[in-house]
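Asks: As annotated in TrEMBL:
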type	residues	note
ACT_SITE	Glu227	active site, proton acceptor
BINDING	Gly277, Ala278, Ser279, Leu280, Gln281	ATP binding site
TRANSMEM	559-578	transmembrane segment
Amino acid sequence: MTGLHSGLVVSTLALQLEDPRFTSRPSCMEFACSPWVCVAFRQVLRWMDFVLLYKNSLLYRSIFFISLCLFHPRYLSIAESMETTDIHNPALNYGIVVDCGSSGSRVFVYYWPPHNGNPHTLLDIRQMRDHDRKPVVKKIKPGISTLANTPTQASDYLHPLLSFAAAHVPKTKHKETPLYILCTAGMRLLPDSQQAAILEDLVTDVPLEFDFLFSRSHAEVISGKQEGVYAWIGINFVLGRFDHADEEDATVEVTTGAQNQQPISRRRTVGIMDMGGASLQIAYEVPSEEAGKSVLADFNLGCDVEHTQHVYRVYVTTFLGFGGNMARQRYEDQLVNNTLAKNRLLTTQTGMSEDKPYLDPCLPVGLSDTVTRDNRTLFLRGQGDWTRCQEAVRPFLGLHNGTMSPGGVYQAPINFSNSEFYGFSEFFYCMEDVLRMGGQYNSERYSQAATDYCSTKWSTLKQRLDNQLFSQQADISRLKYQCFKSAWMFEVLHSGFRFPSDYPSLKTAQLVYDKEVQWTLGAILFKTRFLPLRDLQQETLRQNHPSWLRSSFVYNHHLFSLCILVVVLAILLYILRLRRIHQREQRQAEALNLLWAEEGEALLP
């Protein structure tokens, strides 16, 4: 890490922890700070202000924060992960994941240092960054499923992505770099025969042009359940929830399901909810064995199957048609059908013209809109009643009895008194783009803000957009359907998933540590989980050497930290010494001035 950029990273952290504008943001989440570390850091800043009397000195704040980073490797790891990847380091390993989605395909390049030899820790996998410190990612369109009738072109289709990855991974590492080609939603819709033909072309032709570690099992169509598990793994890994050595966070007691295995206590993982345009997904750990095993995923992230430290049981379900856009489409379909049926029954003309529009409670006050289905057009006028909108969208959840979630799917119970969730995509957009309250979720504040928005005149909302009072991502479409989507999100959360209205542990976010976390990170963590076995064998051999050799790394690390601390203390002592010298000279000057004044008075007649 270069000194200049390190200082910039640390300075940014220091500023954001102190800046009141960030109080509504999940700053501790973004910097992986536990509450006591945040408080301790602020106390250090106050102490420095008192001792050094430099209230706005960012230099001293940065120095102390660097010292904190040295004694907590996670902070240093965060800063290092934002740096250019050192491709000249022969110890680094690399991995490639191609995400073949419905609208396009993306390649992600990851890297990791050698495993530390501890069987309870996972590989420290990070996303590769180029010389501009940008993530090594490339996307192409359309999706690979468009090759259903021409499967022999599949390898040619992916060639630009694989060439891009090959150019960034050191050539000497190609033969040992695993490549995974994982296909999602678009390929799932194809018949099995067409899926097999595309995968066969990849397995046959890719090894002819690239030297990556690539076998038949490395190319597959993954299920929605697998994709959800990988997303859950990726988020929890980035948040450090698999690092069980840290005990300052909340813990949970887990039964692993192994025979004669006592429950273990470990760090609490987080659940995730992701609402896109078409679908809704939820994934969270279930500490104890439950029914409904078809929606539970049991897996071991550790490299040793005998160790249960990283055995997880995750409930994951995808709800097609429950995304924000599809929910609005289903709502509009029913509006058209019900209104036309009611008009025929009562011989009325509601919604048939602009003069007699249907009053939609889910549109802002005064907004005029139209819905066309099968050459039939329904005219709408916004009523802006958020309470009525909630009542109108609730039936679209398809709720049944108390054990069912949206769509009548079994939902494993959630311990709301000891859990934590993060909401992504529409959960964040609904709170942030217009309402400007992304981050910590509070149902009362959110309900009030949504009610106020819905009841605001459409002309006023457009004026606010023109005056740039909303986020840069807000557009006319967001303004039109914000009222509906905010009600839909609220109902999904509290009526669908049955979160209590006073639930305190939901955060909405777009980025984690200032970067987007992809499910591909979780995929490569899972796929490469057995690679540390080689390093564990080397560690076993090292244990036959004298203890002073085994502890050299730890000794050097602490020696380095001690040296830095000594340097920092020396700087502080030097500054204090300068101030004392300055004060002494100032007192001497004042004494001389007084003496000269007295002598001058004595000379006066």
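All residue numbers here begin at 1 and follow the chain in the order shown.
Every residue, even glycine, has its Cβ placed from backbone N, Cα and C.
Would you situate these features in the structure and describe their surroundings?
Replies: Within 10 Å of the C-beta atom of Glu227 (active site, proton acceptor) sit 24 other C-beta atoms, taking all shown protein chains into account.
Taking the Cβ of Leu280 (ATP binding site) as centre and 10 Å as the limit, one finds 29 other Cβ atoms among all the protein chains shown.
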Asks: Which chain-mates of Gly277 (ATP binding site) that are at least 6 residues away have a CB under 8 A from its CB, listed by sequence?
Replies: Gly323, Gly324, Asn325, Met326, Glu426
Asks: Near the Cβ of Ser279 (ATP binding site), how many other Cβ atoms are there if near means within 10 Å?
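Replies: Result for Ser279 (ATP binding site): 16 neighbouring Cβ atoms inside 10 Å.
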Asks: List, in sequence order, the same-chain residues at least six positions removed whose CB sits under 8 Å from that of Ala278 (ATP binding site)?
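Replies: Correct list: Leu320, Gly321, Gly323, Asn325, Met326.
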Asks: Taking the Cβ of Gln281 (ATP binding site) as reference, which residues of that chain separated by at least 6 in sequence fall under 8 Å from it?
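Replies: Non-local contacts for Gln281 (ATP binding site): Gly224, Gly228, Ala231, Ile272, Met273, Asp274, Met275, Val316, Thr317, Thr318, Phe319.
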Asks: Please report the Cα separation of Glu227 (active site, proton acceptor) and Leu280 (ATP binding site) in Å, rounded to an integer.
Replies: 13
